[in-house]
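Colleague: The structure follows.
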């Protein structure tokens, strides 16, 4: 053991203790009923026994010792007096034994007396906790009640292992025996009541509360989370919410119910499963439901079967031409490329129908190439190629080869032309001799001389062009003198003059009618020349000893215009949709080339040249279009030739339209759409929302696609419908017909309170899935009270509980559905206060009621308050004013549970606990042997005080905070210790000081100071 603790005995002396100090122990003493209590004096047995000893209970003498014991009859057999110390033992105590006990002792040299208090308490037993309800909803109230057998009971409530304290949600009444809780989800669990008094304690069996709440914080997740999904994918949608019990989930697609489960799996998902998905969480306890935000799921068909096709007309230069890119799939976008380079629209080409059709307004030969249409959607892509060859010519036909050749040699003539495609035919003096671009002849003979013609033919464009080439086959040479060409009108004279004496002349050109040779063949006359007589011409002169051939002579022959032709967009048809672009191409045979003008309905228009273009044509532009060709070289006067085309511009609205029945489209009915075509059509196709419409289990085509029947009609059939009619000369698509499928209403959802206070109003909302939106009416207890989606009651009274019914009806479908819920009107009477209850200050309780009343009554601890209270209890001071209970002032005696009654409606209990003190402060020494000193500060106060410790009067700096101060015993710890006790509500502060002395023995002395109240000393 510590040597210091053996040498130092600490004695704490408090002034102002009860009178029994030094003779009897401080009171009160506490004992259980039936127990034995011993009142031990603090006296040492004297050398000479006490002369007299008297014990009293109140004013009743229990026992007198005057040399012998004189015992009161009621205490016979229950008490024993120990004469050596004056101590008394009391057995088998009862509640009636509670009170003040005093002793007086007389010895030879002293007289001692003392007093103390005894409290006898019934032990705690039969503790039972009950609840007004164990199955609760969040934000509702539950009352827990605790009953027990015993006396001077105190109550403590436990939630699990945590103590319940009064607060905004928790109200304690009846001394803590009852607790009212505005429950939240976190109150789920077990509650127990612990009852105790000064001699015993017991705890009830647990009560389990089940708190229902929600659903709330609903969350919908999609896995995988993508903007678009391709058909055949697997999608998992999961719905969760905070709810007790666990929520039940219902899935919806575009308002249609799907299934009930927390998870929705879409296996092998299809395009028709696209839409807005949402889940609804419901709680069958709270009867609440909540919907998630919709999640859009877009399912797309993969691109398939991409192809590029042309129209039946050929790709001929200067004609218009279309390429169409088609593919299966959904949400399609297209991009065109030529030879790997992206195409952009310009004056030459355009893109139509969302890039599906590539239109060449007028083909050019450099448009030849490989065209790629790349078809994509967000989940796939596919490309299709088209190799286009632009056909043109023939033009610029030329023959390469010698004009003179010796006998017995090889002749090679090559013919070329600008033409795709081209076939070649060779003729010698109008006789066909060969069929390829190159003509070869070995071992030439004199008969191989003459006029060679190369005729180039394009079997696609249908055009032909020729070139002439003269060839002389000779053995010897001679000189030609002069060749003279004279053209007079349409008669041509060609003279050959030689210096030799013996002339023989032979002309090299086509043999034809209307040709005359005169002057010994020296003159060639062509009557009525044609465009084919352009040459070249040569004359061959020979005599017996020599021969020779002149240079070529070509004739320029003017002709035309004739053989005119018109094409519109390169097609044979002359019927076109309104809004189309038209390109009219005019051609004519003429030399020199003709000048071209255009006329519409006989009137010249401000357009020249071979092309006439019209954009976004309208029906009023239908009529005859004429091309006029002029050639001023073919005669003294201008020649005019005209070619006309009758063009029809057709507005689809006048020829093709979608017709529907006059009756509204209702879900579940059979419904027919008809494509009305005013002219015979070869084919009819249907479209929905820009995509081809296909048959399925509810969609059927009839009458060669002239009608589409929905059997039955479903709400997802809503959309824009078009039909396309095709004939040999035209292709027209109707304007859209918007089909709206009317449905519903489905069972309404009614939102509103189950309970409402009298004196207030209640608001209800009604909603129902319907197209068109539903109309609503409200019925309250069988009476029509409203005609909108929102209904607010009048001010409610207690007799207005009943059934609220919402009726949703659709004026188009003729259907109506109702949904009801019960409204219970309750009365709210409550007590409130506006100030903090503090001892000796004025205080007011206010009784609020939501209904009219005639009288307010007040009760304390279930006993009506007597307005003549001063005749009953002079320590209470209160009065009633209207609905207010005034305390003037409030005292500790006013503690209790208060109720107010508005007529027959009672409030819940209001627990009034008066705040006071501190009234007294004590410092107790709980030091045990050893080097540690422990001081405990206590105060009589409500609520508990805040404690601070100060050393040697240094008020500016606390050495410790809290009721217990523990420190080492040493010389430095000697001094004055002050405990400061402050009530945080009343703001009253008291100080208690004790002195510690260390000098062989340690002594404490204590003193007390009070602030905010008159100073006193204990």
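Glycine too: its Cβ is placed from the backbone N, Cα and C atoms.
Remember, it's a predicted structure, so these values are computed and weren't measured experimentally.
Annotated signal peptide per TrEMBL: 1-20, in sequence order. The domain 'Ig-like' annotation in TrEMBL covers 123-210, 215-298, 319-391, 394-474, 507-556, 561-643, 652-733, 745-824, 844-915, 918-997.
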Colleague: Let me check one thing: do the domain 'Ig-like' (215-298) and the domain 'Ig-like' (844-915) come into contact, meaning three or more Cβ pairs under 8 Å with sequence separation of at least 6?
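Modeller: No, the domain 'Ig-like' (215-298) does not contact the domain 'Ig-like' (844-915).
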Colleague: Looking only at the domain 'Ig-like' (745-824), what is the model's average confidence as pLDDT?
Modeller: 89
Colleague: Do you know the DSSP helix, strand and coil residue counts for the domain 'Ig-like' (123-210)?
Modeller: 6 helix, 51 strand, 31 coil
Colleague: Helix, strand, coil residue numbers for the domain 'Ig-like' (394-474) per DSSP?
Modeller: 3 helix, 55 strand, 23 coil
